[in-house]
Protein chains: 2
Amino acid sequence: MSKLTDVPKRILIGRALRSDKLGETLLPKRIALPVFASDPLSSVAYAPGEVLLVLSIAGVSAYHFSPWIALAVVVLMFTVVASYRQNVHAYPSGGGDYEVANTNLGPKAGLTVASALLVDYVLTVAVSISSGIENLGSAVPFVVEHKVLCAVAVIVLLTLLNLRGMKESGKLFAIPTYVFVIGVFIMLAWGAYRAFTGDDMTAPTAELEIKPEHPGLAGFALVFLLLRAFSSGCAALTGVEAISNGVPAFRKPKSKNAASTLAMMGTLAVVMFCGIIALAMESGVKMAEKPAVDLVRDGVPVGDSYVQNPVISQVAAAVFGQGTFFFVLLAAATALVLFLAANTAYNGFPLLGSILAQDRYLPRQLHTRGDRLAFSNGIVLLAGAAVLLVVVYGADSTKLIQLYIVGVFVSFTLSQTGMVRHWNRHLKTTKDPAKRRRMIRSRAINTFGAFFTGLVLVVVLATKFTHGAWVALLGMVIFYGTMTAIRKHYDRVADEIAAADGPSDDSLRPSRVHSIVLVSKVHKPTLRALAYAKLMRSDRLEALSISVDATETKALRDDWERRGINVPLKILDSPYREITRPIVEYVKGLRRESPRDVVSVYIPEYVVGHWYEHLLHNQSALRLKGRLLFTPGVMVTSVPYQLESSEAAKKRAKKRQDWNAPGAVRRGPVDRRPKETSKN
Amino acid sequence: MSKLTDVPKRILIGRALRSDKLGETLLPKRIALPVFASDPLSSVAYAPGEVLLVLSIAGVSAYHFSPWIALAVVVLMFTVVASYRQNVHAYPSGGGDYEVANTNLGPKAGLTVASALLVDYVLTVAVSISSGIENLGSAVPFVVEHKVLCAVAVIVLLTLLNLRGMKESGKLFAIPTYVFVIGVFIMLAWGAYRAFTGDDMTAPTAELEIKPEHPGLAGFALVFLLLRAFSSGCAALTGVEAISNGVPAFRKPKSKNAASTLAMMGTLAVVMFCGIIALAMESGVKMAEKPAVDLVRDGVPVGDSYVQNPVISQVAAAVFGQGTFFFVLLAAATALVLFLAANTAYNGFPLLGSILAQDRYLPRQLHTRGDRLAFSNGIVLLAGAAVLLVVVYGADSTKLIQLYIVGVFVSFTLSQTGMVRHWNRHLKTTKDPAKRRRMIRSRAINTFGAFFTGLVLVVVLATKFTHGAWVALLGMVIFYGTMTAIRKHYDRVADEIAAADGPSDDSLRPSRVHSIVLVSKVHKPTLRALAYAKLMRSDRLEALSISVDATETKALRDDWERRGINVPLKILDSPYREITRPIVEYVKGLRRESPRDVVSVYIPEYVVGHWYEHLLHNQSALRLKGRLLFTPGVMVTSVPYQLESSEAAKKRAKKRQDWNAPGAVRRGPVDRRPKETSKN
């Protein structure tokens, strides 16, 4: 069923796969790396700049602290990667931080992590797209001049693609991610070579001076500033946890492959991060928090018209030259990888939603795959929140990053703490000394991870709270509250409907069935409903018609008699042309007469193909059904009659079924069991 | 069930009546007059002004034609009233213009009249409210300074009242209408006395001069202008047909009482119309089409800040004095009557809609009384169109009146032509000379009526087309097209589902029933569904569960066994956690195996009380049901389980039932028949 509009999509992402074939799409490492690591790798596009930018507050002399800050980020990165390698081995099911915290620290911790991750997904979209726009803007000025508009446009585009069921595919991720990584490495190598040979590299901002906001900062204030710079640099760590959620999507041996991919990712990220900072220092890049007033050219502030390009693009300009082929290629690849990083949130969100739905913190339908409506709502929610943030913060990645890191470190810390508990629990039951040794080693790694990420969380909260982190915390509280309320509702309902123990409940067992077929005219749908109702052999069967018009009723009676339909026809008068009330009252009357009987109401329904036809049919049937459902001891049967136009709707429904739910690839297939099993 | 918010409503319109008691509310003439005549009587608030305004184009000297134009309007009014008295006698069922045209001239003429009337209702709201705001504005300047805003606010208020089920009641109409009529008559009497005694009355605009747009107009151009002025004066006739729609609401003898009320209304309207024009001439009222430039004070145009008050308020200022108690009282009563006139459209619209629905030109549910949703849609449509017109035309009654009169005269002309045919047909079969004589007399009246209103229609079209009448015609064409399409759809469906003649169709008769109860867990709703399904004694019964989670499925199997439920449990695996697809495919498979079998699917459903709970439940059930309905040979049974929270919804539904459908009073009760009749 090829469609014209599918052609560009086909070209972009290859032939669409039916979800039946999902099992065939397990990812090899070389594809898993770009699929899961586009988010952490792309963050080197903004993290180095954020470090310099904060340091500039104390003046350009503070830039010499940057290698130390980079070092701290590297240590943290290795800690986090080492910690998550333990997670991947311990939880090959891909539950990720939520599952780890939930299992080991209890549901409240789990829910906190889930709230943090949900906020995180929103910010991943907002930050990555804003930064992508800034990188693209360094090559195409138009884009950065209409920053908010372009950022919103990209969000809308990603949203539409995901709503239409765009599938994450290896190729889609692999090409731009590898172009980006290789491009950065070429830049680093070429830059190192030029620096080594004493070639002079000057960044576009090299000749600018920085007017420090707080010159001569020292003592506690300086330490606080360095901590703030470090917090900003931690943006490089966002998205590291993605692999631990995606273990089931890896080829076997799943855990081992996931762990190697994690290590690979950490190494790449660290090298790129440090390399970019080093080249930035070498080429004299200047970044300022408020560039318009703090950057000074020949004694005059550069003013509001000045656009502060990202560090990565300034370094590229210094190494390759502004506007050269390599410069433009790298800017484009950077922007593309950042957009892909944003797209990972569109896939991670439903994946997490599905797990939360299974634990009844979110509507159950999120748990079934391919529930397009439920996913659509999630996607629109995600996109709406991201657009709001982008508009409120003017698509300024620096401002958005202040919100970003809180959620990440909340989940890091709780997840690592959970892992410590995990090992403690297992150590109690494990006797094998070799296994115990490995566990003790893992526990040590996770303990250090928990301690270090916890420390960073405190630092981030202390240095970023008033800069915007409170917004992220507020978002977490809202998610937490909503999910708690949903869970409470489900629990209350589960209590209410729980079947009493022992063999099935006798009070629920009725004695007889009184069937009623609703009739307005004698036509095919009515005859079908009558035929079906007769087949069911209820204790009593009658046809019921509401008389709103004497002539029509007479015609019905005559027709009934003429055709010799052997079902008694009861007619209720409705002087005010109401339909619902007389029927509901009649049914209630039957129930009052014999409370142990069940009333079965058959409603002939037309099945039509277009939404506007729905407006013309079945309205009374729908309303009646709605009302009857509130009457105990009643069941309502729809006997459909498919009109010709229903074929159109059937086709649409079929097509809808072939839709790809976002997150399908990273979720991996569910274990296959024998296709059909029968019992009793 | 009294509520706090009902109190103001109670005070305003008296104790709410249950629609059961509708039969007791037949209207005596003294109440019927205000209920049906608020529209035509209120039009004397704007019609006289429109005449002067058009005449002013030729300069103030043309004002001396105004008595002649008033005379023409009076003759037309008597013609129309006399004609409709024939309708009322001939069609006591209250079908009105639509029924008359439909019966005598065929469905196309009927539909044309219906389209005209629907457009008319929209314009009644727009014109009456704009004029009401202008009248109120003559006493309260704020209102006229924020004309559009106030007009929209009043429309929104009326809409909300009607959506909430405000009932037209005699008192609601009687008090303001009689205050208005008596107030105008006091004004006319006092004005006549002052004029007779030589007392000098000067209108607020008496000292202004008019700069004619086309001075010295003569010959054909003058005739054309006079015809245009006459067309505008015809606005006084709008709403005259309302009584002929409402005959069933009158006390007996219905037709006679309706005819007398019609005569009374005509007399009152004519006296008020002429009296106001006479006093306007006496007190020197000046009206101009473009007051800002054409009205001149001491040689200087009055400018944009000038507000041209309606003639009736200028006359009141001249007679009683600006700002006096009587002046303010009359302004308030005028505004109130105009708002009531607008409200009649909210009641007339559903009444006509109900008749059109019976003839399958509109969705059938409009025909049942108390279908709140259907009425609500109609009301919102009416209000939306009126708001659009008010905003586009700046709530300027003069501009809106250009659109108004076309529809009225289309229906007048077709209705009267239909009446001529009616009498012709009856004359063919009637032998009694006395009856024949009356019929011939009636036919003569209707013939004259058809001729005269047809002439006016031509005049209106010729003089108003470019001034806005084309908008009304466009609206009519849209209504006509939509209704034709709806009728075609219903006809096509009726053909498709028509049962073959003779004893009931054999091909529709299936042989056996295979019942399936959908099960997710063993809880009360499931047990109830199982118990009900067992009662139905189908040929084969099995429980079906979709396995999306191995643990849950195992728990279900164990529970099933432990409870010893004697229904076989079939489990379908769904590796991708889909629910709908495996079930639909299983059902299709059953149908393929034995095509003559019927599959009966039982779905346990939770009944909840709040809309947000709906989001958390039954989503899969709903979607599944939607898909199953497209599969032939399937019936779908909902077995409801009422959760505690469903009580809230039950109460809301009950309350909704007591809602008053707009138009209930004017529609009158349907003939009562014995309450319940049984057959076979």
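Backbone N, Cα and C atoms are what each Cβ position is placed from, and that goes for glycine too.
Database features (TrEMBL):
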type	residues	note
COMPBIAS	A:668-680	compositional bias 'Basic and acidic residues'
REGION	A:650-680	region 'Disordered'
TRANSMEM	A:65-84	transmembrane segment
TRANSMEM	A:111-133	transmembrane segment
TRANSMEM	A:139-161	transmembrane segment
TRANSMEM	A:173-196	transmembrane segment
TRANSMEM	A:216-240	transmembrane segment
TRANSMEM	A:261-281	transmembrane segment
TRANSMEM	A:325-352	transmembrane segment
TRANSMEM	A:373-395	transmembrane segment
TRANSMEM	A:401-423	transmembrane segment
TRANSMEM	A:444-462	transmembrane segment
TRANSMEM	A:468-486	transmembrane segment
Within the same chain, the residues 6 or more beyond the ends of the transmembrane segment (A:444-462) and with Cβ under 8 Å of it are 75-76, 79-80, 82-83, 86, 224, 227, 230-231, 234, 405-406, 409-410, 412-413, 416-417, 419-420, 422-423, 469
Tertiary contacts of the transmembrane segment (A:111-133), defined by C-beta under 8 angstroms and 6+ residue spacing from its ends, are 39, 42, 45-46, 97-98, 101-102, 143-144, 147, 150-151, 154-155, 158, 235, 238-239, 310, 334-336, 338-339, 341-342, 344-346, 348-349, 352, 356, 361, 382-383, 385-386, 389-390, 393, 395-397, 400-401, 403-404, 406-408, 410-411, 414-415, 472, 475-477, 479-480, 483-484
Top stretch among A:65-84, A:139-161, A:216-240, A:325-352, A:373-395 for CB pairs under 8 A with the transmembrane segment (A:401-423)? A:216-240
Candidates A:65-84, A:325-352, A:373-395, A:468-486; stretch with most C-beta pairs under 8 Å toward the transmembrane segment (A:173-196): A:325-352
May I ask you to check whether the transmembrane segment (A:65-84) and the transmembrane segment (A:216-240) make contact, with contact taken as at least three Cβ pairs under 8 Å and only pairs 6 or more apart in sequence counted? yes
Taking residues 6+ outside the transmembrane segment (A:139-161), which of them lie with a CB under 8 Å of any CB in it? 125, 129-130, 132-133, 307, 313, 323, 327-328, 331-332, 339, 342-343, 346, 379-380, 383, 386-387, 390-391, 394-396
Please report, as numbers and ranges, the same-chain residues at least 6 past the borders of the transmembrane segment (A:261-281) whose CB is under 8 Å from any CB of it. 29, 32-33, 36-37, 40-41, 43-44, 47-48, 51-52, 63, 66-67, 70, 73-74, 77-78, 80-81, 84-85, 88, 181, 184-185, 187-188, 191-192, 195, 201, 203, 233, 236, 240, 243-244, 250, 311-312, 314-315, 318-319
